[in-house]
Amino acid sequence: MAWRNHSTITEFILIGLSDDPYIEALLFVFFLGIYLLTVMGNLMMLLVIRADSRLHTPMYFFLSNLSFLDLCFSSVTVPKLLKDLLSEKRTISVEGCLTQVFFVFITPGTEAFLLSVMAYDRYAAICHPLLYGQVMSPQFCVKLVLISWGLACLNAFVIVFLAINLDFCEAQTIHHYICELPSLFPLSCSDISISVDILICSILLHGLGTFLPIFFSYARIVSTILSISSTSGRSKTFSTCSSHLIAVTLFFGSGVIRYLMPTTDSSLVLLLSLQYSAVTPLLNPLIYSLKNKEVKAAVRRTLGKYF
């Protein structure tokens with residue numbers, strides 16, 4: 001897809017995180033470390049889940065897809081950030097910016113649906129354990145993942161369509177380190193009111209459509225846990241979904257707030273974007289490995305085969 005012909009610019013300039021060379025050098029080392037750890041952590045999760053037959057269950061099937069998404073999401077944003085931290089001229093073509101807008105939406109969009117699916121999986125396992133194997137069949141799990149990708153892809157195409165229909169005449173400086181649709185709005189010389197309304201509606205529908213199933217699933221889970229008479233039983237049952245709750249809080253707490261905030265050049269916007277695009281993909285494998293005894297045992301077994 002090409003940009004509309006009446007847009008006169010061919011590239012955007014990204015402000016980035018700092019103009020100080022020393023701070024940029026420190027940030028480069030910091031985010032390079034984050035990216036390498038993110039890649040290694042998520043690849044480790046994919047390898048361990050694939051290699052250990054004990055983890056061939058619906059919960060870990062969804063977790064492997066979450067690791068793949070985190071790997072993709074981080075790779076969409078962080079390598080460009082690292083390149084710009086070493087460059088004097090931080091530019092991106094309009095086609096590259098449009099591509100980044102698409103992937104910045106489809107990867108976290110799919111992750112939001114997947115977190116919702118994982119909440120349903122925990123609900124089925126805890127509230128209906130006798131029917132769990134029948135309900136969460138392998139075929140059904142694959143369909144849920146494909147539906148997550150399909151709905152997120154549809155939403156991303158809507159967002160890209162909004163970007164294509166913006167006119168850009170002179171202003172080309174993006175006050176951000178990546179291309180996000182809200183950051184493009186201030187540069188447009190056309191009327192953006194309809195685009196802003198569509199974006200807000202899209203985010204609300206996407207956010208509520210994924211968060212409400214999580215909320216209702218955990219409402220039923222909490223009710224079931226409280227009905228367990230044994231304290232140790234309640235603790236063990238809750239521990240099976242605590243990692244997922246932490247991942248949901250980190251993801252929705254930063255991502256949704258970022259896109260519902262007014263478009264500004266504040267440092268809070270940058271921090272929220274860094275949280276869900278760089279930090280959360282790093283933390284997810286740590287959360288699921290450190291808080292999950294089965295994953296830790298599988299890591300030891302897998303490493304034991306090679307070392």
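Using N, Cα and C of the backbone, Cβ positions are placed for all residues, glycine too.
What TrEMBL lists as domain 'G-protein coupled receptors family 1 profile' is 41-288. Looking just at the domain 'G-protein coupled receptors family 1 profile' (41-288), the mean pLDDT is 84.
If you look up TrEMBL, you'll see 25-48 (among others) marked as transmembrane segment.
Nonlocal intrachain contacts for the transmembrane segment (60-78), taken as residues 6+ away from its ends with a CB within less than 8 angstroms of a stretch CB, comprise 31, 34-35, 38-39, 42-43, 45-46, 49-50, 100, 103-104, 107-108, 110-111, 114-115, 117-118, 121, 138, 141, 144-145, 177-178, 247, 277-278, 280-282, 284-285, 288. TrEMBL lists 60-78 (among others) with the feature transmembrane segment.
Under the heading transmembrane segment, TrEMBL lists 98-120 (among others). Sequence-distant neighbours of the transmembrane segment (98-120) (same chain, 6+ residues past either end, Cβ-Cβ under 8 Å): 1, 3, 59, 62-63, 65-66, 69-70, 72-73, 76-77, 80, 92, 144-145, 147-149, 151-153, 155-157, 159-160, 163-164, 178-181, 184, 206-207, 209-211, 213-214, 217-218, 244, 247-248, 251-252, 255, 276-277.
Per TrEMBL, the feature transmembrane segment maps to 140-164 (among others).
Outside the transmembrane segment (192-216), and at least 6 residues removed from its termini, the chain residues within Cβ reach (under 8 Å) are 109, 112-113, 115-116, 119-120, 155, 158-159, 162, 165-166, 181-182, 185, 248, 252, 256, 259-260. Here TrEMBL flags 192-216 (among others) as transmembrane segment.
Positions annotated as transmembrane segment by TrEMBL: 237-261 (among others).
Residues annotated as transmembrane segment in TrEMBL: 267-290 (among others). Tertiary neighbourhood of the transmembrane segment (267-290): same-chain residues 17, 31, 34-35, 37-38, 41-42, 44-45, 63, 66-67, 70-71, 73-74, 76-78, 81, 104, 108, 176-178, 180, 243, 246-247, 250-251, 254-255, 257-258, 261, 296, 299, selected by CB-CB distance under 8 Å and a gap of 6+ residues from either end.
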